[in-house]
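Q: Sending over a structure as structure tokens; questions will come in a sec.
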Amino acid sequence: MVVSFLKELLNFRSITPDDAGSLEFIAKFLPDFEAKFIEKNGTKNLILSKIYGDGEHLAFAGHVDVVPPGDGWDSEPFTPLEKDGYIYARGSQDMKSGVAAFVCAAKEAKFEGKLSLILTSDEEGDGTYGTPLALEYLREIRDLPKFCVVAEPTCDKKFGDSIKVGRRGSINGKIVIKGVQGHVAYPEKCINPVNLIAPLLSKIADHDMDGGSEFFSPSKIVVTDIRGGMQVCNVTPSELSIMFNVRNSNLTDVNDVESYLRSVLDGLSYELSIKQSSKRFLTNKDSKIVRNLMASVTKITGVTPLLNTKGGTSDARHFAEFGVDAIEFGVINDRIHAKNERVSISEVNKLYEVFKDLIENFY
């Protein structure tokens, strides 16, 4: 059932933030669940919920939107192709396989509490009208889940090898070094910002702000762009700009990064802009959702998953901000956002079994 459902879901050309009708399709697939659509500026979110008993409130979450397919595919990106044990289509790994797995598990599994499915079509883009709107609604009606599994593709080499219990934060910034433009033949009459930053760049690029912790790697300043001048050989630039990103751990915050950079740049004429684009989060490894999902993964796959926080940001951070114990688990992520994206059919079936086992044994 889950594979056929996934194929139908992959047919929807749901390029972010357009769900292309996929959310209605999912809602109709689960007629026993109460459906609540939350829409703003043409962007849709869907909350499906069902009360089975007096037990705890468990949720699954995911996004149906995908990035544009781009060129160079060997098949039509929105016509799923089954070949050699894989399904090829845009969104097959990221993350319609995860959505299909928990939707089908919710349809078949028995539960003792309240089960919710929280879906958005605004994750791959800005996310302005996505998951946070759905969570704000649930908070207003006092119906936030206690636990949530976000079915992002998390596994690395082998299905079952990785559960994300957190994510690093993301800090973006820009440094502008001020100089005085002039003729290269008269360097004594110029203040070249390239010369100013050259001896300091090694203190910025790839600098570790901390030594990392149990679940987080060090917070490293990564320079992403350096530019200045007019692309000519006989004029020194009036300024030079450096853009950077820091994926920060629990040991470093935006103020730490700003203070460090200002100490390095002390004495120069410069401007610094910096902001926390997304917050880091970490769910306690002893949380019930972590322990139970680990048990289900090991039971179904025979693999003991590693708890980690690797990778970029995801919507799990929003759940954490609302006080929900959130973790992530899904298929292998070796083809996400790539041409000829594909997912293993075996992994899809196993993911469905993991989620079904988690639901039925969540007590």
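Using the three backbone atoms N, Cα and C, a Cβ is placed for every residue, glycine included.
Note that this is a predicted model, so its numbers are computed, not measured.
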Q: Which one of E76, E124, E360 goes with D94, H337 at the Zn(2+) 2 site, as Swiss-Prot has it?
A: E124
Q: Which of these, H57, H63, does Swiss-Prot list as part of the Zn(2+) 1 site with D94, E152?
A: H63
Q: State the three-class DSSP label for D94 (Zn(2+) 1 binding site), counting H, G and I as helix, E and B as strand, and everything else as coil.
A: helix
Q: Which one is it, among the recorded positions D65, D94, E152, that lies nearest to E124 (Zn(2+) 2 binding site) by Cα separation?
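A: Smallest Cα separation from E124 (Zn(2+) 2 binding site) among D65, D94, E152: D65.
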Q: Between the recorded positions D65, D94, E123, E124, E152, where is the Cβ count within 10 Å the lowest?
A: E124
Q: Far apart in sequence but close in space: which same-chain residues, 6 or more away, have a Cβ under 8 Å from H63 (Zn(2+) 1 binding site)?
A: M95, V99, L119, T120, S121, D122, E123, E124, G130, T131, D315
Q: In whole Å, how far is D65 (active site) from H337 (Zn(2+) 2 binding site) when you measure between their Cα atoms?
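A: Cα-Cα distance, H337 (Zn(2+) 2 binding site) to D65 (active site): 12 Å.
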Q: Just to be sure I understand the packing, how many Cβ atoms besides its own are within 10 Å of the Cβ of H337 (Zn(2+) 2 binding site)?
A: 15
